[in-house]
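**Student:** Pulled these features from TrEMBL for this protein:
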type	residues	note
DOMAIN	20-125	domain 'Ig-like'
DOMAIN	145-207	domain 'Ig-like'
SIGNAL	1-23	signal peptide
Amino acid sequence: MLKSMIWLLQSLSLLSGLGPGNTVSQTQALPLRVDGVLGESVTLPLKFSAKEIQSITWLHNGASIIFIPKDPAHIQVTDPTRKDRLKVIQSSSLQINNLTMADSGPYRAQITTTTSREMYEYNLSIFRRLRNLQVANHTQLFENGSCEIQLTCSVENPNDNASFRWQVAGNTILEEANLTISWEPKNSSEVTYTCIAKNPVSNLSFSFSVQSLCKAETPRGDSGNEPASPENTVYAQVTHPNTTYDFAKKVKAKEPFLPWMVWLSG
């Protein structure tokens, strides 16, 4: 009997008007953007000033997922597919656990009082944490000691909404994955380049010395500007929740140029 009454009250709250003299208000000009991490938890915060609350309904894509009656002891999860992952906390805020990509999209908290209805809207986006940042380089060495380096920054999954930028001494010099630089022996100062990969929920960085790349091997040629045999090097940063390791591998240009990775078990 109690369950039937809850469903009836929920249906009336969603579908019926409030009657003469009652108001419906949108409390936000734009939906609140919330970013979540795949497999982790996120909270949609709810703060309101309404008094004499009759019920609160949380909706996802327009469909009810949680109904909170006046007596919070009888909270009902109305989406059976997420019964074990939805939780009401802190003044009726919504916590979603073990996030999946299907959890993304628009949410709404609808607060019904005896005289009004308030609505709070959210837009939830789900992202993976970035993993395994790699910096691959193709180095062209010359007899006079100068060299040209083509650098490419990448992450394990290209669909993780990653953006890339290159920095020198903390200053951004390029906002893309590919960078070409030249180095000459007369530039004796040690220059460190840093590739930074970032998405809305995580970031990775990898730093290395250009001088060390160019001096890795002494080239041999017939003239001062004749290029020696180029080499390919893959610098990989392998990430794990508790550890980070840096590796470098040198591959002769005549060999197939294939990035490599090292995997760590959890």
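Just so it is clear, glycine is given a Cβ too, placed from its N, Cα and C backbone atoms.
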**Student:** Over the domain 'Ig-like' (145-207), work out the mean pLDDT and round it to an integer.
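**Tutor:** Mean pLDDT across the domain 'Ig-like' (145-207) comes out at 89.
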**Student:** With DSSP helix as H/G/I and strand as E/B, how many residues of the domain 'Ig-like' (20-125) fall in helix, strand and coil?
**Tutor:** 9 helix, 57 strand, 40 coil
**Student:** According to DSSP, how is the domain 'Ig-like' (145-207) divided among helix, strand and coil residues?
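**Tutor:** Once the DSSP states are binned, the domain 'Ig-like' (145-207) shows 0 helix, 38 strand, 25 coil.
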